[in-house]
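These features come from TrEMBL:
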BINDING   G11, S12, G13, K14, G15, T16, R128, G174  ATP binding site
REGION    31-60  region 'NMP'
BINDING   T32, R37, Q58, L59, V60, G86, F87, P88, R89, Q93, R134, R146  AMP binding site
Amino acid sequence: MVNIILFGPPGSGKGTQSANLIQKYGLIHLSTGDLLRSEIGAQTPLGMEAKKVMDQGQLVPDEVVIGMISSKLDANPEARGFIFDGFPRTSAQAEALDKLLALKKTSIAAVLSLEVPEDELIKRLLNRGLTSGRSDDASEEIVKARIVEYHNKTAPVADHYAKYGKFKKIKGNGSIDEIFSLLSKEIDELVSEKV
Ligand code: AMP
């Protein structure tokens with residue numbers, strides 16, 4: 001199995017790149033943001049609770065997203081590997097993920113971190129808000145709150161994986177194709193190590 005975390009702040013391109021990478025490598029895309037939005041779409045109690053927090057640009061509780069990831073891992077026993085997008089977002093989530101993967105006799109191969117300057121992130125997110133219908137992209141205040149949340153709670157996840165030599169920065173501004181080839185180069189190496 002090759003399991004990769006696509007890491008980076010909101011608006012760094014994780015969703016766009018994940019969609020292309022799963023096609024190329026036959027991996028399964030696990031985005032906690034997408035999973036939460038589908039709960040919201042289905043108007044489940046979990047979705048309704050999560051929406052309140054998401055609309056303030058804050059993180060939903062760890063146990064909620066860890067539970068979602070755990071059931072997706074169980075639901076895909078034959079997977080060649082996973083791309084985690086938007087998860088883990090706290091140190092507690094990273095520790096839980098490591099344990100869940102260890103139970104399945106696997107681990108994270110690499111954390112690829114898309115590096116994008118902050119003014120560019122804000123521009124991209126507000127732009128996406130014009131077409132995505134996402135309420136958490138709609139105002140500069142919420143977008144900035146998400147970036148603050150990222151610095152306070154998510155950035156430590158980088159240190160967690162850097163300790164194991166698994167953290168790698170990737171230039172995240174440029175064309176989609178250019179960034180895709182930088183990511184592919186890293187993943188090709190990981191895949192060839194597994195053969
Ligand atoms: P995303 O689509 O990854 O930008 O996530 C949108 C929103 O969903 C975030 O701002 C959080 O409110 C929530 N969310 C997504 N993933 C997580 C996570 N791993 N932990 C906590 N909250 C999350």
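Every residue gets a Cβ built from N, Cα and C, even glycine.
Summarising model confidence by region, the region 'NMP' (31-60) averages a pLDDT of 97. The CA atom of G11 (ATP binding site) is located 14 Å away from the CA atom of F87 (AMP binding site). The most crowded of the binding-site residues listed here (R89, R128, R134) is R89, judged by how many other CB atoms sit within 10 Å of its own CB. Comparing the binding-site residues G11, G13, G174 by how many other C-beta atoms lie within 10 angstroms of each C-beta, the top residue is G11.
Candidate binding-site residues: G11, G15, T16, R128. Not one of them has a Cβ under 6 Å from ligand 1. The region 'NMP' (31-60): residue composition by secondary structure is 20 helix, 1 strand, 9 coil, according to DSSP. Listed in sequence order, L114, E115, V116, L121, G172 are the same-chain residues six or more apart from S12 (ATP binding site) with CB atoms under 8 A from its CB.
The maximal spread of the AMP binding site, taken as the longest Cα to Cα distance among T32, R37, Q58, L59, V60, G86, F87, P88, R89, Q93, R134, R146, is 24 Å.
Under the DSSP three-state reduction, G15 (ATP binding site) is assigned to helix. All chains included, 25 other C-beta atoms sit within 10 angstroms of the C-beta of F87 (AMP binding site). Taking the Cα of R134 (AMP binding site) as the reference point, the closest of the binding-site residues K14, T16, R128 is R128.
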